[in-house]
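Have a look at the structure below before the remarks.
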């Protein structure tokens, strides 16, 4: 088993950051996109939903494919498609085309997320895998800090289309880095079993599915917040795009702090115990957020509340690493695909639901609490092997 390497984690972390890049980066520009394309906020939010659904469904293609032919080739193909889709998003003239190309962009971006987890599972196991996932989350947490701030700056000084040109450039840089620095990690490729048989084996793994659902519902709560926060903060609280992006950057700091704490605790405590404690904390903080949603809070109070939302979503790091530990290495591509599909599918559904009838702080907070509560209910059940 390889030693923990920050440089290796940095590259894989940037690959998993394609998901946040697809969502967080252009959030400050959502109101501008709605205005320029002469469309509703609901349709504009669907451009986020379509990308999230694409991120989920795309993993069902790239994950199983990587179990058959290896990790590197599907990774390079996905990054190439991501660059192309980003260029087409930047060139679109109507909201429906944007929604469609955002879906393709999401499908392409799925390759980075699913294959980074698979490569990690190929290289580590047990507590080392938990620590490496926490290290991944630390690197990945930088994306929610940098991307909305950079996105807010670009949205304030350039047309919103520039955001997608920057995404294309980032995808191209990752394509080159992956070609140069990522080696094939799958030493024993899958043969004999069909994709359907492998999927059935993974889906029947109760331990895997339990952790999968916990992570999916935790991220559903996070994406409910992500999908509505831009409209809530700019329309309800009167923040500018740049102010919102700075506030939203608190999410990444919360993720980084959470990952660092859980990484250290994982060396001395069981993952199951840490996860259950974290879930109780998450629901408690979400309940406080809902309670304070009735008030017109100051910006510092909002920062504190949103820090807890992001911090508690870091619990999904433990659930994700435990889910991947529950499957055989030869099944890790398919398992990673199922895990990622559920994460982004649940997130894609939660994002627009939080804005039905208009985006408000109250509805957004309620959606987070419900999602975290379901995760706690699943986590509280007795674990089955």
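Every residue gets a Cβ built from N, Cα and C, even glycine.
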11-32, 99-120 - the one TrEMBL records as transmembrane segment: 99-120
Leading stretch by Cβ pairs under 8 Å, where the reference is the transmembrane segment (208-228) and the options are 42-62, 74-93, 162-182, 301-321: 301-321
Maximum Cβ pairs under 8 Å to the transmembrane segment (240-262) - stretch from the list 301-321, 333-354, 360-379: 301-321
Seg_contact(the transmembrane segment (274-295), the transmembrane segment (333-354)) with at least 3 CB pairs under 8 angstroms, min sep 6: no
Chain residues in Cβ proximity to the transmembrane segment (301-321) (below 8 Å; excluding those fewer than six residues from its ends, i.e. six or more beyond): 117, 129-130, 132-134, 136-137, 144, 211-212, 214-215, 218-219, 221-222, 225, 229, 233, 237, 247-248, 250-255, 257-259, 261-262, 266, 271, 274-275, 278-279, 281-282, 285-286, 288-289, 292, 339, 368, 372
